[in-house]
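Student: Have a look at this one.
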Amino acid sequence: MSGLSHHHKSRLFLTVLEAANVWLATLSPITRKNYASGIKFLVANHILDGSMKLEGLVCCDHCDILNRIKSLTFTYSGKPVSEASKQARAACYISFTKFLYRLTKGVIKHASPSKDFGNPTFYKIRDKVKTEFISKREWLLFFDALKKISFRDYLIGKLIIQGVRKLTEVISLRTEDISFAKNQVTFKVKKRQNRYQEVKVSYPNFLMQELQDYLGNREGWVFVSGEGQQVAINQVYYYFKLAEGDINSPIKVTPHVLRASALAYLKKMGFADQEIMRVSCLSSTQMLSAYDTGMTDNLTSQLPLIF
């Protein structure tokens, strides 16, 4: 460590929470919210000491910390900790240490997940996604209610479900991403290592006409607030909740639920996996199969009676 410049040494005198705040500020809104919750969890459960200087992590055994996270059964307040929660906190810690590795130019090493057979840090918890789906009838009722409340958020939801898109992709649209002549919208899909992939999605005439009516002659962000700024995620969730309440939906209707419902619907309708993967940007058939709502018959039901 003696070879470090003074600039890099000074970073080791940041506290864990100070460094975490710097890290969180570099993340996208949804990731920031999730990882802020993760850091708070790790500090509250004495996995991390928020007041400790970063120099205390130089000789830290990351494997021990990951094992402590994975060994939790209850929080300090007595709440049970699920496997999904433990894996999410472990992912948060690993990502945080990778940031510290970059921040300190390698002085603090980053944590790596264990792949030991029988005790891996990460493993598949369930075959099917936990998200509840809504039926076509339910989303038609939802959109009727949403259209009366907020035409902007109605259009956002329509682009999500018709194009199998994520909310962040839709609210990031700019007017130059839309070709009304081709009935086509170009989405920028974020991939790993801050790379972006452009995905062109064709929409039906009536939806493109509604979008054109909403835009008028405006340029810039497609979906804007009353002040003309890019619409915030929480605004969309607010109006979705109002529409959900109007139809007394037993299922919480969120942008994620709309996208998941679209994937489940396409699978149910028998569209080819490769086609669904191409438009949704899912990277494997295994990921797509998690949205398959079809019941698989037990093999024995297809055999002749033995007795």
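Numbers run from 1 along the shown chain.
Heads up, the Cβ atoms here are built off N, Cα and C, so glycines get one too.
Annotated active site per Swiss-Prot: Lys188, His256, Arg259, in sequence order, evidence recorded as sequence analysis. Here Swiss-Prot flags Tyr291 as active site, O-(3'-phospho-DNA)-tyrosine intermediate, drawing on sequence analysis. Residues or ranges marked as domain 'Core-binding (CB)' in Swiss-Prot: 14-101. Under the heading domain 'Tyr recombinase', Swiss-Prot lists 129-304, citing sequence analysis as support.
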Student: In angstrom units, rounded to an integer, how far apart are the Cα atoms of His256 (active site) and Lys188 (active site)?
Tutor: 17
Student: Between Arg259 (active site) and Lys188 (active site), what C-alpha distance do you get in Å?
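Tutor: Approximately 16 Å lies between the Cα of Arg259 (active site) and that of Lys188 (active site).
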Student: What does DSSP give as the helix, strand and coil breakdown of the domain 'Core-binding (CB)' (14-101)?
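Tutor: DSSP classes over the domain 'Core-binding (CB)' (14-101) add up to 58 helix, 4 strand, 26 coil.
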Student: Under DSSP, is Arg259 (active site) helix, strand or coil?
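Tutor: For Arg259 (active site) - judged by DSSP and reduced to three states - the answer is helix.
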Student: Return the residues near Lys188 (active site) by Cβ distance under 8 Å, restricted to its own chain and a separation of at least 6 in sequence.
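Tutor: When sequence neighbours closer than 6 are ignored, Lys188 (active site) has Glu169, Ser172, Asp177, Tyr196, Gln197, Glu198 within Cβ distance under 8 Å.
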Student: Using other CB atoms within 10 angstroms as the count, which residue among the active-site residues His256, Arg259 scores least?
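Tutor: Fewest other Cβ atoms within 10 Å, among the active-site residues His256, Arg259, is found for His256.
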Student: Which state, by DSSP, holds Lys188 (active site): helix, strand or coil?
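Tutor: Lys188 (active site) sits in a strand per DSSP.
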